[in-house]
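Here TrEMBL flags C368, C372, C395, H402, H405, C408, C428, H431 as Zn(2+) binding site. Per TrEMBL, the feature compositional bias 'Polar residues' maps to 310-325. Annotation comment: TrEMBL describes 332-341 as compositional bias 'Basic and acidic residues'. Positions annotated as compositional bias 'Acidic residues' by TrEMBL: 342-359. The domain 'Recombination activating protein 2 PHD' annotation in TrEMBL covers 363-441. Summarising the annotation, TrEMBL assigns region 'Disordered' to 304-359.
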Amino acid sequence: MKLRAITFSNDSCYLPPLRCPAVCRLDPYDGLPESYLIHGGRTPNNEISSSLYLLSMDSRGCNRKLTLRCKEKDLVGEVPGARYGHTVSMVQSRGKTACVLFGGRSYMPKAERTTESWNSVVDCPPEVFLFDLEFGCSSVHTLPELCDGQSFHLAIAREDCVYFIGGHTLTSDSRPARLFRLRVELLQGSPLLTCDTIDTGLSISSAIITRMGPTHKYVIVGGYQSDCQKRMECSTVILDEKGIHFESLEPPKWTPDIIHSRTWFGGSAGEGCVLLAVPTEGRSSQSDTHYFYQVSFQMGEQSIEDEGTQACSQESTDYENSTPLEDSEELYFGREPHELEDSSDGDADTYNEEDEEDESQTGYWIKCCLGCRVDPNTWEPYYSTELHRPAMIFCSRGEGGHWVHAQCMELSETLLLRLSQGNKKYFCMDHGGLPYQEMTPPRHIIPLKRTPIKAKERKAPLMYKMSPAKKGFFKRLFD
């Protein structure tokens with residue numbers, strides 16, 4: 001798996017870095033592309049956002065570049081406040097769709113905040129917010145079954161039902177094995193919400209859930225059972241017409257780094273795939289480094305692959321300075337297998353010169369000669385000076401000259417540096433080859449004769465003409 005940079009379209013709004021926001025995937029419909037709803041979250045400066053963003057794909061070029069479009073959606077009516085650690089789900093009823101928002105944490109009300117408790121957080125009231133994306137109308141609903149705040153729980157939706165699984169409560173500092181089924185009927189006048197409590201819940205928080213194929217089958221990975229105990233088991237969740245069913249699933253063979261780590265976090269990386277990140281605890285030289293693991297659940301098999309290390313932490317990983325386990329980072333990846341087949345990440349990826357891209361970017365991946373060996377899909381740095389692009393050198397032969405890859409010309413790194421720093425013309429193998437080089441004639445600069453300003457303004461000394469008799473008189477006078 002490779003992580004590549006993405007760009008946003010010119011008409012996109014600013015999407016700040018967010019920790020623990022509520023993310024909901026929207027399937028393509030009416031010709032619209034797949035999109036994601038993002039609400040709330042904590043910003044790097046420790047603020048809590050209340051904005052709602054709609055993130056969709058603008059274009060995907062064959063040169064591996066992905067362009068996204070981000071739009072901020074405005075809600076009217078009873079709008080949910082700033083929060084994090086909550087969930088957003090999409091329900092369908094009577095041919096209509098609506099979004100369900102529940103749970104989360106926020107700062108204490110301003111009237112109750114003091115200097116000592118200024119950054120203290122509390123669970124948001126157990127209210128259910130219902131809003132539609134077409135008109136932006138939002139309403140809040142209170143249900144007697146939902147009596148306690150709930151954060152860092154899981155939410156799974158099927159048609160007109162949403163299931164809330166697990167979660168953490170600040171008031172009791174516990175993770176009760178809760179399971180609620182919320183049914184939403186989008187009637188013509190006002191929506192009707194009913195809630196049922198189910199006994200077959202899970203005691204879990206901050207878990208990762210991934211979908212297994214087009215059916216309503218999910219796998220729950222990770223999370224915490226208590227403040228000092230990770231949940232190493234895995235579970236399968238199935239939604240059908242009768243309700244929700246849990247089945248135990250054999251976990252993969254965890255590595256020692258995962259077993260002994262105090263915290264872990266991650267997100268879904270597509271159907272049946274999860275990306276886990278584990279901090280390198282106990283290593284002072286790598287305090288901001290994480291190990292990434294890709295866990296796959298395909299056809300009843302589990303596998304875990306080490307993706308190496310990557311520095312991604314924004315805060316200290318020391319126990320004294322670390323945030324609570326429930327405030328750990330989360331990663332969201334939404335690329336499905338069919339997208340990976342159509343994208344440029346596979347082995348069948350070819351570069352398209354007609355793709356809309358800057359010449360400064362695409363020019364590095366041209367076919368420089370008949371025997372060009374640089375493939376944008378399999379290229380790896382060859383010289384020590386290369387990082388993201390292959391090194392190139394300019395051939396002076398031909399009409400206007402042209403650029404060639406130094407690796408294709410079989411240039412040594414020493415010779416490449418000498419040619420780049422000198423003033424010699426280079427000719428590629430198709431135009432004479434490496435041994436034939438010419439000295440670029442130096443520019444003949446005529447020195448300018450400039451008179452110093454002081455010399456220009458200086459006055460010549462006064463000279464007096466005297467007769468020999470006067471000279472003799474002055475000589476005897478001064479003697």
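Cβ atoms here come from the backbone N, Cα and C positions, even for glycine.
Neighbour counts were taken at the CB atom with a 10 A radius for the binding-site residues H402, H405; the maximum falls on H405. Of all Cβ atoms in the shown protein chains, 25 besides its own fall within 10 Å of the Cβ of C368 (Zn(2+) binding site). Here C428 (Zn(2+) binding site) comes close to C368, C369, C395, R397, H402, V404, M409: these same-chain residues lie at least six apart in sequence, with C-beta atoms under 8 angstroms from its C-beta.
When the binding-site residues C372, C395, C408 are compared by the number of other CB atoms within 10 angstroms of each CB, C372 has the fewest. DSSP assigns C368 (Zn(2+) binding site) to coil, not to a helix or a strand.
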